[in-house]
Amino acid sequence: MPRDSYRKWFMLAILSVLTAINQGICYSYAPIASIVEKRWGERVSLLLVVNSGCKNLTSLFNAQVHSTELITVYFISYIPCSFVGSWIMDKKGLRYGVLLGGFLQALGASLRYFACAFGPTGEAYVTLVGQILASIAMPFMVNSPAVLSANWFPPSIRATSTSVAVNANAMGTAFVYLTAPFIVLSSNEVPLWNLCVAMFATVSWVVAFFFFQSFPRTGVAQSIVSDIQLRDEYDWAQWATAFTHTGFSHTVVAFSVAECVLNAMCALLGKFLSVAHFSKAQIGFVGAAFIVSSLIGGQVISQYVDRKRNHKTALQLCLLLTSVALASFRLVPKVNVHATLVSLMFLGAVLGPLQPIVLELGVECAYPTSEATVAALQQLFGNLLSATVVPGLSALRRAHADSSGHVPPQFFYASPEWVMVFMSSATFVVFCFLYVRRVLLLPLAVPGTNERRLRCVAAATARTSASPTSRPRPAPSSASSPPGRPETAAASSETVGHVHAREPINSMHCLPLHHRHERCVHVASKGHAIGRVKDPPTAAGSDSHPTGACTCRTRRPSAGGVT
């Protein structure tokens, strides 16, 4: 429908803004770390003058509200909250999870603003509580892009739509780097900055409350698919069974490394450049350019992958170039602003595409695991790695830095840049050489575009036709074919309204759809339930609403029986 074609981009824009704000809250103090920490230090020093008995107050305050630790709060809180967030979205739906996350981050940002009215100790605790609330919203934001793409977008542009929402994280960081250095010129302007962030978070949640939807409004299709997805008991076993699918664990490794490198660069970039005597404005522009280049690179390469369907090749190439870009950033003289800017933009252009490509790849590898669970698993391990590596790199750098703030060459193992070069290079070696025969040997399965699948379908159809026991099948016809039972592979787009079912990359991948349906029935006899969705009638000539699409879904029986 023309209206839905516009609305899906509006839904994507709302989710992208909410995701950007969540990431912006995380890194809101990164480009102004010295000013913010100076404010906290000044307020503590003033309190110590009044009460000289509180000698340990400064260390306690800095340990709880240091700018790097506030970022690490996000990584740590995501680990337990990702399970709850995935469960809520699978049980309550995409809209419920996104609105809950938006409310939590708006509340957390508001608490950080009101914290400035408290005393030094009160500001420490209230700021920390606000940061924790905003970090709890992170699973709802970062786990949603794949779900939104599956609900609203056709397979041909899912990688692009997922890339937009995933890279919105980086846009939030770019917004912070572009605005914070110009708004916060002294420690007295920190409350104004917190107020701006809180207002953006609140307004975006209000817009989402009135306009954001989980599915297109396609009448019966929306209610049927919602019933199938939301009424069953949540399958907690999918968190473990996802790793039984070939290649999924390797996508988790690649996503975790990409997430860790991006988080480390965003958290430590200000410190890298400040020791090279970059001004606050220069740090803001360079940091924003790094983020924007990651967005552009992510979109360009994602569109290329959408056309070519060679996710593994694009992933390997980006990993290799990420290692090269990190090494060039470490070796380039920081006194040369233009050379530093070019090296950072090159790094962003090859680092940005990694996450959306790996996320979409993981969703396909782990089918029929839900998109929210796949995103949660990848983000879970990515944040677990970041929670360990980012503060570790910061502490290692501080321990070996000289009086000028630089890490001497003999302590190369303490240089965050070289550590990240090793991580990305090791991941590249694993994907290219150690698991080349096991990892993602099949291209991403999209109906009508995977030539290998079409050849398999043709071969299976020929074998069926040649079999003496096979029954002749009538010619395909939208009028004669019963709902849910297509007779040819031409109807393999598997859509219900705009809700596109994923195709598994497994043994069923090489079977025609009617054979896959029979396989589903066989699986049902083994103790699983099958959800059948009838296709609604659609206008003739519509390429997004083909009739007769098989939408068999294999899952555990619900408490209410078979749907």
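The backbone N, Cα and C atoms fix where each Cβ goes, and this holds for glycine too.
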Transmembrane segment according to TrEMBL, located in which of 13-32, 313-332: 313-332
Sequence-remote partners of the transmembrane segment (339-358) [C-beta within less than 8 Å, at least six residues beyond its ends]: 145, 159, 162-163, 166-167, 170, 251, 254-255, 258-259, 261-262, 265, 269, 273, 276, 286, 289-298, 300-302, 305, 311, 314-315, 318-319, 321-322, 325-326, 328-329, 332-333, 378
Non-local residues, at least 6 beyond the ends, that sit with Cβ under 8 Å of the transmembrane segment (132-153): 4, 8, 11-12, 15, 18-19, 22-23, 25-26, 73-74, 76-78, 81-82, 84-86, 88-89, 94, 97-98, 100-105, 107-109, 111-112, 161-162, 164-166, 169, 201, 214-216, 356, 359-360, 363, 370-372, 374-376, 379, 498-500, 502
Distal contacts, the transmembrane segment (281-301) - CB-CB under 8 A, six or more residues away: 31, 160, 163-164, 166-167, 170-171, 173-174, 177-182, 262, 265-266, 269-270, 273-274, 314, 318, 337, 340-341, 344-353, 355-357
Cβ-Cβ under 8 Å with the transmembrane segment (313-332): same-chain residues at least 6 beyond its ends: 254, 257-258, 261, 301, 304-305, 339-340, 343-344, 346-347, 350-351, 353-354, 357-358, 361, 415, 417-418, 420-421, 424-425, 427-428, 431-432
Same-chain residues near the transmembrane segment (71-89), Cβ under 8 Å, at least 6 residues beyond its ends: 26-27, 30, 96-97, 100-101, 128, 131-132, 134-136, 138-140, 143-144, 147, 234, 236, 239, 263, 267, 370, 372-373, 375-377, 379-380, 383-384, 386-387, 390-391
